[in-house]
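Following: one structure in structure tokens, then a few remarks.
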Amino acid sequence: MPATTLQGLAPSRAIARPDIPHAVRGRFRRLKTALTVVLLGLYFLTPWLRWERGPGLPGQAVLFDLPGRRLMVFGLEFWPQDLPIAAGMMVFGAMALFFATTLAGRVWCGFACPQTVWSDLFFAVDRLIVRLVGKGAAERRLRTVAWLLIALATGIGFTAYFIDAPTLPGRLLAGQAPATAYATVLVLTGTTWLLAAYARERVCLHMCPWPRFQAALLDRQSLVVTYQHGRGEPRGRRRTPLRPDLAGQGFGEPQPTGPAPAAPRLMGLVAEAVAFSAPEPFPSLRGDCIDCTRCVTVCPTGVDIRRGLQMGCIGCGLCIDACNEVMVKLDRPEGLIRFDVESAPLRPLLAPPRVDWLRPKALAFGLAALLALGFSGYGMATLPPVSAHAEPQRNPPFVQLSDGSVRNDYALRLAHRRAGLAEVALRVEGLEGAQLRLGTQEGAPAPVLRIAIGPDRSLDERLLVQLPRADVPSGRHDIAIVLTDPDSGAELARLPSYFWGPER
Amino acid sequence: MAAPERDSLTGYHTTGHEWDGIKELNTPIPHWWVTVFLGSCLVAVLYMWLYPSFATTTGIFKGRLGWTSHGQLAEEMVQARAAQAGWRSLLTDTPLEQVEANADLRRFAIAGGRAAFNENCAPCHGVGAGGQIGQFPALVDDDWLWGGSLADIRQTVRYGIRSGHDETRQSLMPAFGEMLSAGEIDSIAAYVLTLSDPSAAASRARLPGAELYAANCAACHGAAGEGSRDMGAPRLNDAIWLYGGTRDAIRHQIANPRMGVMPAFAGKLDDDTIRMLALYVHSLGGGER
């Protein structure tokens with residue numbers, strides 16, 4: 001690997017990776033545990049939240065109602081035609097991800113990605129089982145059982161987003177759930193087992209496309225997990241004496257002390273490369289790294305961060321915790337491995353990272369994320385309560401009636417999502433003397449129709465608009481079919497259409 | 001043959017070919033690929049054996065399974081009919097007038113009626129049932145020659161009009177061109193035109209056609225031109241003219257009447273389909289109770 005040759009950091013010995021990464025304590029571990037608990041909790045508990053919507057409507061707070069072609073999220077109801085809102089949320093997600101990556105590397109991968117969260121859960125379970133029963137056949141069987149149970153819970157938890165959650169387990173057990181529910185449980189159990197329990201870090205290393213293009217998002221000011229090469233090298237056993245520049249009082253001072261260039265462009269890169277490739281100046285001394293390999297054995301993807309930022313690093317910070325534990329025991333300052341910017345070698349060793357947070361790239365991604373969020377938020381705030389269409393029936397374009405009046409027919413389709421709306425009022429604007437009637441309705445036509453909407457909140461009717469002979473226009477005449485809420489009088493929808501009369 | 005040479009750098013065998021000191025490595029296709037390829041060939045042969053796959057001198061090789069696309073269609077049709085069976089039997093058991101009370105049954109019947117209409121009725125009456133002036137009556141308006149209730153429509157569809165069926169609706173308008181003079185026919189046409197004009201109610205009795213109308217036409221079409229559904233005699237006092245509402249067209253219709261023919265669908269369509277058709281036509285906007 002060219003980077004390794006350049007940095008002169010080929011491992012001094014082969015590092016045996018444990019099949020389960022070692023446990024570690026520390027700041028990032030606590031953060032990761034807290035996030036894992038919160039995210040898994042959100043995933044498993046969300047379907048069980050209730051939200052009363054009224055009779056005939058599902059009482060589940062978050063429900064992907066596929067047969068009803070709607071998505072219920074608390075007080076909001078989304079229809080397929082609201083897809084731009086979902087697209088906006090996806091753009092927001094992507095831009096927020098780019099924003100976070102530009103500022104702080106792969107924090108998403110390390111802390112919030114489902115693959116990481118579930119892998120972390122499986123690692124924890126594996127470590128617990130090994131601690132309880134030790135290694136061996138019993139441990140392997142127990143692990144398999146635990147994996148399958150978690151995977152099954154994940155599968156059922158996922159399915160609960162689509163079917164009424166409280167009754168789902170019972171229906172699944174009784175064999176009364178729809179076949180698609182069983183298929184979903186099976187597929188999600190399978191993928192969870194395959195990806196999170198079995199493949200784990202291999203997904204991050206070989207399957208996920210994200211590491212491949214993160215390099216395009218990171219820049220020299222991105223905060224990433226960094227091994228402080230200048231402080232750690234040459235690594236060596238505890239007994240080897242420490243480099244005097246590290247042991248002495250003026251800690252870190254003899255390092256290149258020139259003011260760090262504000263923007264280390266080409267010359268900065270060259271200086272860094274020379275510093276890395278120069279022969280080690282203290283052959284019989286060591287830096288702060290005692291080559292204990294804790295940073296490798298705790299890494300969920302098994303990378304050696306001391307070889308520099310690499311594709312396998314998911315930025316979870318567990319190696320930082322591991323190294324800090326060791327540094328504390330050695331009575332050395334923490335932060336040999338830390339979140340830092342890549343231009344670190346050009347500063348005194350223990351100086352805190354200087355990050356330029358207001359970078360154009362980060363600002364652009366942040367702005368794009370805000371725009372997308374604003375777009376979706378506006379869409380959610382202004383969801384039309386009614387979806388209605390009135391399609392003129394053009395065959396025949398008009399119907400001549402016995403008394404000389406002329407009728408136009410419209411296919412009227414209506415669906416609504418406003419709580420408590422049981423009736424709509426229908427009238428025609430732009431047509432003097434129009435009389436309305438539904439195809440299924442008995443009795444005389446009226447200028448304003450009141451239509452009762454059933455519990456399924458939809459209508460599919462033939463609307464007949466009739467005009468006395470004296471008022472009939474010649475040819476096409478533009479009208480609007482207006483739907484209002486009869487209680488409040490608020491306009492629900494205005495459907496531009498036309499009325500056709502015999503041409504004179 | 002000597003043992004194949006092994007390349008020291010890669011550990012691969014060489015093919016034994018050499019060009020200017022450059023040797024070609026032997027990198028055979030992976031086993032899994034060859035296995036999948038041979039497996040695919042096997043599947044292909046199996047497929048050819050099971051399904052109709054090639055022509056013979058006398059026809060085609062039919063395959064072991066005896067599968068045909070016609071057979072598959074027939075099977076799917078049987079399945080579709082079986083899926084409809086519950087609704088169909090419910091439709092059979094429900095009196096025609098009560099179908100509308102069951103919204104789901106009504107939707108089923110109207111969907112079936114629409115399909116049957118497009119297949120059997122649309123060639124004359126049009127896909128939208130708008131008819132054609134001078135040819136076929138519109139079914140969406142409120143004017144009916146033989147009645148617009150569900151039962152009337154059903155009977156018309158079943159037995160047709162002047163269809164030759166024993167139960168057909170039958171009537172005949174005489175050709176007055178041989179009985180009346182051209183002038184008389186013209187004055188009747190002028191009178192008939194005033195029937196649908198309410199402002200002429202007082203003056204029309206003084207027209208020369210009034211007496212002629214009463215003598216020749218009123219028996220079937222009614223004294224006020226209200227028509228008679230028993231005989232399929234159309235209303236003359238409305239705005240709907242099947243064969244045209246100009247004086248010329250009316251004169252022509254009196255002299256040489258045209259009378260439409262509609263085939264009987266009994267025997268061609270089953271009773272359920274005819275009921276669906278009646279419900280569908282009834283729902284188009286002109287249905288009468």
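Placed from the backbone N, Cα and C atoms, the Cβ positions cover glycine too.
Annotations in TrEMBL come from automatic prediction, not curation.
Residues annotated as transmembrane segment in TrEMBL: A:31-49, A:85-105, A:145-163, A:179-199, A:362-381. Taken from TrEMBL, the feature region 'Disordered' covers A:229-259. Among the features that TrEMBL reports, domain '4Fe-4S ferredoxin-type' is placed at A:281-308, A:313-333.
Ranking A:85-105, A:145-163, A:179-199, A:362-381 by CB pairs under 8 A with the transmembrane segment (A:31-49) puts A:145-163 at the top. Within the chain, the domain '4Fe-4S ferredoxin-type' (A:281-308) has long-range Cβ neighbours (under 8 A, six or more residues past its boundaries) at 1, 3-4, 7, 9, 11-12, 15, 17-18, 21-24, 116, 119-120, 123, 200-201, 204-205, 225-238, 240-244, 246, 314, 316, 318-319, 321-323, 325-327, 330, 332, 336-337. Within the same chain, residues 76, 82, 84-86, 88-89, 91-92, 95-96, 98-99, 102-103 sit at least 6 positions outside the transmembrane segment (A:362-381) and bring their C-beta atoms closer than 8 Å to a C-beta of that stretch.
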